[in-house]
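This report refers to the structure that appears directly beneath it.
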């Protein structure tokens, strides 16, 4: 073999193959392997499962075809039959610690069931609160623990203690448990639950207070917004009222100015006939006081009026014509009627003779004034 290695080393990049290396080593003694397997299976057949090589025949060195061809002795069938290989492969072994755990569970359940059976058989016995709770805890079977039922006195004392101390030290907890006939664990659990309840209550109160504050803030904001809207509305109303007042005032001023404009024209027209009216009144008064001279004045007036109506003389232009009387207003008509009416009966009663032309002139003027007043 060494000669073969030396011969191959002479070539470049020549290395021995894996098959040559495996075949070059001497085979391991099959007797040692078989004896060790037999002793192990016989001594630890109950505790240790069979080796992995025996369960899978392809991994067994004796089943390899090359080794079988090499003249290795096969394991005896008697030894393979004597070993409990199929039992270990089908069923997992049971170890001592597993047996102890199951036995402990069964023994723990038996006394509780026996105690419950004795209590039921003997009738209502006088048991303490702690023993009844222990029986209830044990009879639950470990699946679910029953809820502890506290008496009113126990709850009162626990609430009193919680009011002063939210957390209990161990000596105080032991003392309370001894006084109230409870276990230390029950007192501890009660205080834990009570602290959680207190926390929930405080959180709910804080949330309610915060919500109340938020609501109050929202309400105040809404009230402020409403007040602002009201003030804006009132301001708008006041502004609109002021505008309406101004518009009404301007409208009234315009109406007054429009009314004053024709009145002004009437006033201008009234100013023209005022002098003849006043002169007529004076003349009428003068007629009453000076009766002898009246026929001369009236005759001259009648002649002048007739001349003004018939001829285009310059004297006729001074006398108001019929067109000038068309501008008279109602006040001027009333004044004229008041001025003329008292003079007529006086003139009729007086012995003075009035000509027909002057009477015709007065009647014509009055009829024209009345017609114009009706048309207006």
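Each residue, glycine too, has its Cβ placed from N, Cα and C.
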In Swiss-Prot, which of 134-165, 166-197, 198-229 is tagged region 'Disordered'? 198-229
With the ranges 88-93, 94-99, 100-105 to choose from, which does Swiss-Prot describe as motif 'Antp-type hexapeptide'? 94-99
Can you dig out which of the ranges 234-256, 257-279, 280-302 Swiss-Prot describes as region 'Disordered'? 257-279
Can you tell me which parts of the same chain pack against the region 'Disordered' (198-229), counting only residues 6+ beyond its ends and a CB-CB cutoff under 8 A? 162, 166
Kindly report the helix/strand/coil residue split of the DNA-binding region (143-202) according to DSSP, in that order. 42 helix, 0 strand, 18 coil
Quick one: DSSP breakdown of the motif 'Antp-type hexapeptide' (94-99) into helix, strand and coil? 4 helix, 0 strand, 2 coil
Averaged over the DNA-binding region (143-202), what pLDDT does the predicted model reach? 92
